[in-house]
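**Q** For 14-43, the entry in TrEMBL reads region 'Disordered'. Per TrEMBL, domain 'AB hydrolase-1' is recorded for 207-459. Per TrEMBL, the feature active site, charge relay system maps to SER287, ASP422, HIS453.
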Amino acid sequence: MLPDTADVKAMVLGGSGPNGGSGHRRARAVAGSSSVGGQRTRSKGDSVFGLGTTYSRKGTAFKSGVTAIKQQSVTMSVHESDVHTISPEMPAMFDGMKLAAVATVLYILVRCLNLKSPTAPPDLTYQDTTLNRFLLKSCPQLSKEYIPPLLWGKSGHLQTALYGKLGRVSAPHPSGIRKYLPMQDGATATFDLFEPLGEHRTGDEITMVICPGIGNHSEKHYIRTFVDYAQKEGYRCAVLNHLGALPTIELTSPRIFTYGCTWEFASMVGYIKRTYPHTQLIVVGFSLGGNIVCKFLGENRKNQERVLCCVSVCQGYSALRAQETFLQWDQFRRFYNFLMADNMKKIILSHRHKLFGESSFKMLDADVSRLFTATSLMQIDDNVMRKFHGHSSLKEYYEKESCVHYIHNINVPLLLVNSADDPLVHDSLLNIPRTLAGKKQNVIFALTLHGGHLGFFEGEVLFPQPLTWMDKVIVGYANAMCQWEKQKPPCQSSPLSENSCVEAKA
C-alpha cells in the first residue's frame, strides 16, 4: 500500500514513515523515477516545497526533500560525534591545566624560597693559631651547621624582610638608663646603659659597647633581644643611639649621624672607661655599626686599649665599592636602596628645622628639593650627608668614611660575620674580609650560606626561635675570648703575643 500525501509530508518533514522506517531510506528507494499507469516514469513539475524535483504516483504529488534530509542527517551525525568525542576530553584538559598551574606555583616557590639549597656550617677563613683553635672549639656555633626555618629561612629576602619589619620574635624589654653626652660641636650623643642580670662566668667585669645599624637605636627589637641575652650572660651593655635616630630626642646642633663618623661612639666608649676603670670591653657592631666600630678601632691604637675583641656583623666594608652595586637590580638591591633612602629622608626631614634652619651654615648650599625627590642613598649622601663634615665630593666622603682603610690596623681579635644571601652586601665586597683574614692572625671571617641581612633566624619548619644564630655566635665568641683571657699564660700580655711564650720557653 502506497503512502498518502500526509504520510509523504511526514516522511519529508519528520524523517520517518508510517511504518516507523526512516524517511531518509524511503526517499532513496524512489529517487530517480515516477510511475504513470502502472509504469514508473519521471515528469517535471512545480516544486511543492521549493526543495527540488516533484514526483507523482497515481496523481499523488510529493516532495522528495532528499537534500534537506541528507543535510539534517549529517548535522545530527556531527552533533552526536561531538557529544561522544569532546565531552569526555574536557575534564581531562582542565585537570591538566590545574596540574600545570600547581606545578608552576611549586616551581616558583622552590626557586624563590631556595628550598633546594642545603644547610651547612659557616665557611671560615682564618690562620691556624693557638688562639683561633681555642676560639673555634669554645664557640661551637662557628663550626656547627646553621639550620634556618625549613619553609622560608633559606630565602635571604624573607630573612631580611622579617628582620626589617618585626626585628625579632617576642622581643623582651630590658630596663636601662639613658645617658646624655655633650659634644664639642654642640651635638648631644645619647646611649642606653644596661646592667648585667647576673655574674659573668669568669667573675670579671665585662662591658659590651654596641653600635646598631643605619638609623637604629636601643629600642629596636633585634637590639633589645641581643641585650637581654647578653645581660643574662653577665655582660653590661652600652648601646649607642645614632644621632637623630630617636624621634623623641631633638638635635642640639645641625648635624646628624653619618656612614662612618665615630665621634658619638668614641664619646660613649670614653664614658664607659672613665666610669668603670676595671671593666674590659667587647666591641659589637651591626651593619653600618660594624663599619663604625672597625673604623674607630683602626683610627687610633689607643682606642684598642682594654678591648678584648670586636665582632662585626653584616657590614659592607667599603661604601665606595658598594655604591655601584646599590644601583643594580640584582637581588632587588635597587629596591632595598630605595627603601633605605626613604627611611633616611624621614629621619632628616623630622629634624629639618635644626638641620636646614637659618643657624645651619653648613646646609646653606644643600638643595633641599633634591632631598625630597631622592630615590637612593647616594643622592642623599651627595646632597646632604657629605656636607656635615665638609667633604668636597661623594667619592671623598665614601673613601674617608669606610673602614676598609683602617681595619688592617686592628690588632685585637676580630670576628667578621656575613651571609652569602645578604641582598644588601654584594659578593664582591666579601673579598675584603676574606683577604684580611688570610693575612692577619687575629681575624676570623665567617660566611654563612643563609641568614639574609641581620636575620639569621633559626627554627625547624615555620616558626623561628626568639634567639637567633647571630645572638648566640656573638655571645659565644665573647665568652670564649673572656675564658682565653682568664687562663692564658702570663707571658702573653696580649692575645697576639703567642710567639712571646715560645721565646720565653727558649
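Note that Cβ sites are derived from N, Cα and C of the backbone, with glycine treated the same way.
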**Q** Could you pull the average pLDDT for the domain 'AB hydrolase-1' (207-459)?
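**A** Overall, the domain 'AB hydrolase-1' (207-459) comes to a mean pLDDT of 93.
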**Q** Would you mind listing, in sequence order, the residues at least six apart from HIS453 (active site, charge relay system) in the same chain with a Cβ closer than 8 Å to its Cβ?
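**A** When sequence neighbours closer than 6 are ignored, HIS453 (active site, charge relay system) has GLY156, GLN159, THR160, TYR163, SER287, CYS314, SER419, ASP422, PRO423, LEU424, VAL425 within Cβ distance under 8 Å.
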**Q** Across all chains shown, how many C-beta atoms besides its own are within 10 angstroms of the C-beta of SER287 (active site, charge relay system)?
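**A** That number is 22.
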**Q** With every protein chain in view, how many other Cβ atoms are within 10 Å of the Cβ of ASP422 (active site, charge relay system)?
**A** 26
